[in-house]
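**Q** What follows is a single structure, and I will ask about it in a moment.
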Amino acid sequence: MQGKKPGGSSGGGRSGELQGDEAQRNKKKKKKVSCFSNIKIFLVSECALMLAQGTVGAYLVSVLTTLERRFNLQSADVGVIASSFEIGNLALILFVSYFGARGHRPRLIGCGGIVMALGALLSALPEFLTHQYKYEAGEIRWGAEGRDVCAANGSGGDEGPDPDLICRNRTATNMMYLLLIGAQVLLGIGATPVQPLGVSYIDDHVRRKDSSLYIGILFTMLVFGPACGFILGSFCTKIYVDAVFIDTSNLDITPDDPRWIGAWWGGFLLCGALLFFSSLLMFGFPQSLPPHSEPAMESEQAMLSEREYERPKPSNGVLRHPLEPDSSASCFQQLRVIPKVTKHLLSNPVFTCIILAACMEIAVVAGFAAFLGKYLEQQFNLTTSSANQLLGMTAIPCACLGIFLGGLLVKKLSLSALGAIRMAMLVNLVSTACYVSFLFLGCDTGPVAGVTVPYGNSTAPGSALDPYSPCNNNCECQTDSFTPVCGADGITYLSACFAGCNSTNLTGCACLTTVPAENATVVPGKCPSPGCQEAFLTFLCVMCICSLIGAMAQTPSVIILIRTVSPELKSYALGVLFLLLRLLGFIPPPLIFGAGIDSTCLFWSTFCGEQGACVLYDNVVYRYLYVSIAIALKSFAFILYTTTWQCLRKNYKRYIKNHEGGLSTSEFFASTLTLDNLGRDPVPANQTHRTKFIYNLEDHEWCENMESVL
């Protein structure tokens, strides 16, 4: 018996060692995955991906004018490119939001990021498939210093590429245009799961009072991305487009030259790499966070009546959709639910109005910001790189700060739905006033020979306007590019050739008839407009204020939306939001703004006998039309905010009171009323609780199961 004890002891020791090893392995495994079991780590990862998404989106906007000149496109054409991202996103947003809410959300987000990375890489592909850029193409009269001068004295010779060859490359250019559209569609498809699934995942795992701050940080990072995108665009456009193929030391043009084309493709390669690596982090997160990392037990349940929310939220944080079909249901039966649930959501006027208001606000951003760089170039005579740099360092950081402050105010002031909608109305009014001031901040086109004033006689009737004049008829001037020069007479000419200059040092310009012959010289660039510099500085300051205040409405709008729908429908409701944002807020505005801008064109370039890009605009009409469209959209958004406010006031069912602290006079408006109580009786001074408002329509209670929907 005693002989067996050592063996038994040895076996027990081995068993204990095995158990100890297993416990140690489990401990290591737990420690290994613990870093991905924290909602704050997920927030950082989601912010990194949204930063990369915002960067690539803004980078496209920053190089639109470069693409316009590189591929000889019109503003409406580049508007189509800008809208293609939304078309791709629009195609799948509902399906991803509906089915993705029940799937592995972090992994779906990661897959979307990889698809976006592929789209970014494809966006750069046209540069490597088309011919090299020849800035002297079609302008065979350029002198030794690259200046378009009069060919009457034979100084230009017949050197240069065959114009027929350039025109034959037109078909290839059209193919590159289609490839750019396809790449943007792919980017939109990849972006589909990032925002709706990311926002719902975060909102499911944080306390309700912290949700606005987390969402505000998330959207702040999304808007901070464009700042990086514009700065990246400013850097890339200073590099010559074919710098990797040729020796740039032999170039006789600089980034300040109107013929300069920057390396627009470089930023897409960098953005593709950022998207890919930031997407990899998402594959480490679980489908739902463990209970100890998820302090959201009070998140949505406290906001709803027992009748609406009978089933408690699972401890793992995964919301089970009351409309979710059984696992045995066919795919077709599941798809049948989508239009019915969508109709059910849209029957809620608060939900519909707040989404439409958000669409109008986004429409201003999508349309106005898409052409803001072009606007700065035309109105204030800036270069593409300078315009991008200013946008990236001023307006966009202010918008980031505005979104963050909006979320912070909602959290600190404990705003309810009524308070949030009043906050949105207030910031809308202030930002609209800023847009009105833009009508008076700009520069005139100035006198342009043959376009706005006749040659040598600024008082002749408009019927005499023609860029070709007896002074340059023998110069064989071309209109396939725009290289403006400022004459000693204070008039801008389309090029040195149109000014009749017969020397590459820009002297002896025959069309400058109002000055002595020895002073008949020109200098590169447009003639400056008086007071333009002061107007630009004022515009920049007002733009920063407008961006800061206008962006503060974004987080309150999202909070109103997710607080006025059933929690089981939260992911899908966000999907409907982003669907309508794409359908109404992102796709039409660039097309509308682009077509409106083209309508103000004074002079079009020609390419192979066809109309090319606009090279000169009526700045006054441009400014009035461009800003007026934005003001109209902002005004419509205010009407929708007001309608939402009225619905919230008149159709509420009940109030939920808690003790999170009241909102006093000194804490916000320095009045005796709070945002939540404007329009109602003042809250007594000794009242320490606030009123939470939940909106439910009498005839539109939320369905409890699939059968009630079907």
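Glycine residues also receive a Cβ, built from the backbone N, Cα and C atoms like all the rest.
So Swiss-Prot lists the following for this protein:
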| type | residues | note |
| --- | --- | --- |
| REGION | 1-25 | region 'Disordered' |
| COMPBIAS | 1-15 | compositional bias 'Gly residues' |
| TRANSMEM | 41-60 | transmembrane segment |
| TOPO_DOM | 61-79 | topological domain 'Extracellular' |
| TRANSMEM | 80-100 | transmembrane segment |
| TRANSMEM | 107-131 | transmembrane segment |
| TOPO_DOM | 132-174 | topological domain 'Extracellular' |
| CARBOHYD | Asn153 | N-linked glycosylation site |
| CARBOHYD | Asn169 | N-linked glycosylation site |
| TRANSMEM | 175-203 | transmembrane segment |
| TRANSMEM | 223-243 | transmembrane segment |
| TOPO_DOM | 244-261 | topological domain 'Extracellular' |
| TRANSMEM | 262-286 | transmembrane segment |
| TRANSMEM | 345-366 | transmembrane segment |
| TOPO_DOM | 367-386 | topological domain 'Extracellular' |
| CARBOHYD | Asn381 | N-linked glycosylation site |
| TRANSMEM | 387-410 | transmembrane segment |
| TRANSMEM | 415-438 | transmembrane segment |
| TOPO_DOM | 439-539 | topological domain 'Extracellular' |
| CARBOHYD | Asn457 | N-linked glycosylation site |
| DISULFID | Cys471-Cys501 | disulfide bond |
| DISULFID | Cys477-Cys497 | disulfide bond |
| DISULFID | Cys486-Cys511 | disulfide bond |
| CARBOHYD | Asn502 | N-linked glycosylation site |
| CARBOHYD | Asn505 | N-linked glycosylation site |
| CARBOHYD | Asn519 | N-linked glycosylation site |
| TRANSMEM | 540-562 | transmembrane segment |
| TRANSMEM | 572-597 | transmembrane segment |
| TOPO_DOM | 598-630 | topological domain 'Extracellular' |
| TRANSMEM | 631-648 | transmembrane segment |
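Quick one: how deep are these features, and who are their neighbours?
**A** Remote same-chain partners of the transmembrane segment (41-60), defined as residues 6 or more beyond its termini with a Cβ less than 8 Å from a stretch Cβ, comprise 35, 81-82, 85, 106, 109, 113, 116, 120, 123, 184, 187, 191, 194-195, 198, 201-202, 205, 214, 217-218, 221-230, 232-233, 267-268, 271-272, 274-275, 278-279, 281-282, 285, 289, 392, 396.
Remark: secondary structure over the topological domain 'Extracellular' (61-79) totals 14 helix, 0 strand, 5 coil, with classes taken from DSSP.
With a threshold of 8 Å between CB atoms, the same-chain residues lying at least 6 positions outside the transmembrane segment (80-100) that come near it are 57, 60-61, 64, 67, 108, 112, 177, 180-182, 184-189, 191-193, 196-197, 334, 337-338, 341-342, 366, 370, 571-572, 574-576, 578-579, 582-583, 586-588, 590-591.
Within the same chain, residues 50-63, 66, 70, 127, 132-133, 251, 255, 260-267, 270-271, 369, 373, 384-386, 388-389, 391-393, 396-397, 399-400, 403, 551 sit at least 6 positions outside the transmembrane segment (223-243) and bring their C-beta atoms closer than 8 Å to a C-beta of that stretch.
For the topological domain 'Extracellular' (367-386), same-chain residues at least 6 beyond its ends with a Cβ under 8 Å from one of its own Cβ atoms are 61-62, 64-66, 75, 79, 82, 226, 230, 233-235, 237-238, 255-256, 262, 395, 442-443, 525-526, 528-529, 532, 535-536, 539, 589-590, 592-594, 597, 617, 619, 622-623, 626, 629-630, 633.
Following the DSSP three-state reduction, the secondary structure of Asn381 (N-linked glycosylation site) is coil.
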**Q** If contact means at least 3 Cβ pairs within less than 8 Å, sequence distance 6 or more, would you call the transmembrane segment (540-562) and the transmembrane segment (107-131) in contact?
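**A** Contact between the transmembrane segment (107-131) and the transmembrane segment (540-562): absent, because fewer than 3 Cβ pairs are under 8 Å.
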**Q** With pairs restricted to those 6 or more apart in sequence, evaluate whether the transmembrane segment (631-648) and the transmembrane segment (345-366) have 3+ C-beta pairs under 8 Å.
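**A** Contact confirmed: at least 3 Cβ pairs fall under 8 Å.
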**Q** Could you tell me how many residues in the topological domain 'Extracellular' (598-630) are helical, how many are strand and how many are coil under DSSP?
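**A** In the topological domain 'Extracellular' (598-630), the DSSP-based counts are 13 helix, 15 strand, 5 coil.
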**Q** Which has the fewest other Cβ atoms within 10 Å: Cys471, Cys477, Cys497, Cys501, Cys511, the disulfide-bonded residues listed?
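**A** Candidates: the disulfide-bonded residues Cys471, Cys477, Cys497, Cys501, Cys511. Fewest Cβ atoms within 10 Å: Cys471.
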**Q** Round to the nearest Å and give the CA-to-CA distance linking Cys511 (disulfide bond) with Cys471 (disulfide bond).
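**A** On Cα coordinates alone, these residues lie 5 Å apart.
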**Q** Helix, strand or coil for Cys486 (disulfide bond)? Use DSSP.
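**A** It is in a strand.
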**Q** Where among 107-131, 175-203, 387-410, 415-438 do we find the most Cβ pairs under 8 Å to the transmembrane segment (572-597)?
**A** 175-203
**Q** Compared by Cα position, which of the recorded positions Cys471, Cys486, Asn505 is the closest one to Cys497 (disulfide bond)?
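**A** Answer for the nearest of the recorded positions: Cys471.
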